[in-house]
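Okay, structure first, notes after.
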């Protein structure tokens with residue numbers, strides 16, 4: 001026998017007893033066998049309380065991974081906006097080029113959000129979020145190498161695909177938290193994610209200035225600055241993939257193999273999403289809440305820079321206030337919806353949405369008409385509160401439209417936000433027909449007009465803004481959600497998760513229904 005030190009003589013890897021190291025994408029909790037959670041849960045294992053500063057797995061860990069990854073995507077998508085005064089000089093961009101780039105930045109995710117909805121329904125939100133964040137990283141790095149308007153517009157379009165992480169964010173929260181607190185949770189996750197639009201207004205000018213002071217020229221400094229959001233993408237993608245999990249009980253693939261989760265068909269999911277008229281109303285509503293927020297992120301820094309002759313850093317700070325308001329505005333919208341639902345049920349949620357979004361539109365008109373810096377800043381802050389709170393109030397209702405097709409409906413609604421933004425940017429901010437202040441004024445008018453269809457949303461079990469329920473609230477709630485499954489599908493138990501959701505959603509009838517049920521049970 002040869003020496004044990006001889007190359008090839010080691011038995012390492014043969015006995016299977018040696019310590020080994022590997023990278024896994026299966027997540028931290030592949031499945032769950034009747035485990036206890038750190039938070040109180042309902043029959044679906046969804047958390048019934050929201051502890052903001054907790055990192056308990058899986059619920060709160062998922063919350064933090066979700067909003068941080070979404071915020072990272074917002075930072076990169078709008079990283080160019082606060083640097084436009086420098087970039088336009090370097091690339092010789094015209095107002096038309098800048099407007100088209102703004103449209104491109106939010107148009108890319110119209111398609112990707114639709115795809116993300118299906119990915120969440122069929123594969124789970126963890127894979128969808130992690131892979132999209134990491135696949136977007138090369139496009140962020142590519143911004144450093146653009147040399148003309150065409151390249152600038154193309155790269156902004158490609159980076160915009162990553163905004164589809166919004167869909168995985170909202171879907172993920174809806175699978176982890178109880179319906180009675182979903183408005184607050186969805187609003188906080190999305191609001192803190194959207195806050196990236198404000199963070200980037202502060203971050204990118206500071207990074208640019210640091211690089212310039214280190215010896216780089218202005219036209220080189222802005223290019224190097226894009227490496228910061230690019231690396232953030234890679235880091236967050238790895239964290240989501242390794243630390244996240246799809247459902248409270250584990251990852252979707254593992255639970256499907258164990259028979260704990262039914263594998264659905266894409267055709268059925270798509271059918272129930274597109275044939276529900278409420279879906280399309282929310283697409284429109286979100287187009288003029290989130291959509292106008294995205295449009296404003298693209299123009300607000302340049303607006304203050306040009307109109308009031310401010311320094312780039314000062315304009316960036318003011319513009320950051322618009323995005324940073326998401327820290328509390330969007331959660332407040334979801335929280336207000338939850339509070340209204342406790343007393344007035346779904347009808348309270350609908351009234352809350354209409355009041356908040358209409359108010360935001362009126363403040364937007366005021367912003368466009370403002371003649372002084374102080375007035376413009378005040379009206380911008382109030383407009384941001386209204387628009388962002390309306391986003392929170394919208395996604396406090398979306399999870400109730402359909403249980404089976406939640407992912408695709410979330411994707412369609414999210415895509416509506418991007419489509420509305422692209423259309424608004426194209427009509428009001430991409431040509432010389434309107435000045436920026438005129439564009440803001442007409443955008444406010446459109447917000448008010450496009451919020452009116454909320455009056456048409458009617459749930460048979462809960463009613464609408466002006467009409468009461470058309471069926472008994474308790475029995476109709478189960479029928480509404482379980483009715484999305486055929487008798488054959490119900491026989492094999494595909495409807496059971498929806499039935500559990502319906503049991504929890506019966507509280508959307510309002511306090512009068514609770515009292516009625518208590519009386520009957522007595």
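Any Cβ shown, glycine's included, is placed from N, Cα and C.
Same-chain residues lying 6+ beyond the ends of the transmembrane segment (67-87) with a Cβ under 8 Å from its Cβ atoms: 93, 98, 101-102, 105-106, 129-130, 133, 136, 140, 143, 152, 156, 159-160, 162-163, 165-166, 169, 188-190, 192-197, 199-201, 203-205, 208, 218-219, 222, 225-226, 229-230, 232-233, 236-237, 239-240, 297-298, 301-302, 305, 312, 315-316, 319, 323. The transmembrane segment annotation in Swiss-Prot covers 67-87 (among others).
The transmembrane segment feature in Swiss-Prot is assigned to 103-123 (among others); the stated evidence is sequence analysis. Tertiary proximity for the transmembrane segment (103-123) is limited to same-chain residues at least six positions away from its ends with a CB under 8 Å from its CB atoms, namely 77-78, 80, 132, 153-154, 156-168, 171-172, 252-253, 264, 266, 269-270, 273, 291, 294-295, 298, 405-412, 414-415, 418-419, 421-422, 425-426, 430.
Residues 25, 65-66, 69, 72-73, 76, 79-80, 91, 112, 116, 119-120, 155-156, 158-159, 161-162, 164-165, 167-169, 172, 223-224, 226-227, 229-231, 233-234, 236-238, 240-241, 244 of the same chain, all 6+ positions outside the transmembrane segment (127-147), place their C-beta atoms under 8 angstroms from a C-beta of that stretch. Look at Swiss-Prot and you will find 127-147 (among others) tagged as transmembrane segment, backed by sequence analysis.
The transmembrane segment feature in Swiss-Prot is assigned to 149-169 (among others); the stated evidence is sequence analysis. Counting residues 6+ beyond its ends, the transmembrane segment (149-169) has Cβ neighbours under 8 Å at 66-67, 69-70, 73-74, 76-77, 80, 87, 91-94, 97, 100-102, 104-109, 111-113, 115-117, 119-120, 125, 128-129, 132-133, 136, 139-140, 142-143, 189-190, 193, 233, 407, 410-411, 414, 417-418 in the same chain.
The transmembrane segment feature in Swiss-Prot is assigned to 191-211 (among others).
If you look up Swiss-Prot, you'll see 224-244 (among others) marked as transmembrane segment.
Using a Cβ-Cβ cut-off under 8 Å and counting only residues 6 or more beyond its ends in the same chain, the transmembrane segment (269-288) has close neighbours at 117-118, 121-122, 353, 357, 361, 390-391, 394, 397-398, 401-402, 404-405, 407-409, 412-417, 419-421, 423-424, 446-447, 450-451, 453-454, 456-457, 459, 484. What Swiss-Prot lists as transmembrane segment is 269-288 (among others).
Here the transmembrane segment (308-328) has Cβ contacts under 8 Å with residues 74, 78, 81-82, 85-86, 191-202, 204-205, 209, 296-297, 300-302, 373, 376-377, 380-381, 384-385, 388 of the same chain, all six or more residues outside its ends. Sequence annotations record features per position, and here Swiss-Prot assigns transmembrane segment to 308-328 (among others).
Sequence-remote contacts of a segment are chain residues at least 6 beyond its ends whose Cβ falls under 8 Å from one of its Cβ atoms, and for the transmembrane segment (350-370) they are 285, 288-289, 292, 333, 336-337, 340, 344, 376, 379-380, 382-383, 385-387, 389-390, 393-394, 396-397, 437-448, 451, 454-455, 457, 464-465. If you look up Swiss-Prot, you'll see 350-370 (among others) marked as transmembrane segment, on the strength of sequence analysis.
Annotation source Swiss-Prot lists transmembrane segment at 381-401 (among others). Same-chain residues lying 6+ beyond the ends of the transmembrane segment (381-401) with a Cβ under 8 Å from its Cβ atoms: 170, 174, 179, 182-183, 186-187, 190-191, 194, 276, 278-279, 282, 285-286, 289-290, 292-293, 296, 321-323, 325-326, 329-338, 341, 346, 349-350, 352-353, 356-357, 359-364, 366-367, 409-410, 413, 417, 444, 447, 451, 457, 459, 505, 508.
Beyond the transmembrane segment (408-428), the same-chain residues lying 6 or more positions past its ends with a Cβ under 8 Å from any Cβ of the stretch are 99, 102-103, 106-111, 113-118, 120-121, 160, 163-164, 166-167, 170-171, 174, 269-270, 273-274, 276, 279-280, 282-295, 298-299, 391, 394-395, 398, 401-402, 434, 438-440, 442-443, 446. The feature transmembrane segment is assigned by Swiss-Prot to 408-428 (among others).
Marked as transmembrane segment by Swiss-Prot on the basis of sequence analysis: 439-459 (among others). Long-range contacts of the transmembrane segment (439-459) within the same chain, counting only residues at least 6 positions beyond its ends with a Cβ under 8 Å from a Cβ of the stretch, are 278, 281, 284-285, 287-289, 292, 295-296, 299, 303, 346, 350, 353-354, 357-358, 360-369, 383, 387, 390, 397, 400, 424, 428-429, 465-467, 469-470, 480, 508.
Within the chain carrying the transmembrane segment (191-211), a Cβ under 8 angstroms from the stretch's Cβ atoms is held by residues 66-79, 81-83, 86, 165-166, 169, 220-222, 224-225, 228-229, 290, 293-294, 297, 301, 312-313, 316-317, 319-331, 334, 388, 391-392, all 6 or more beyond its ends.
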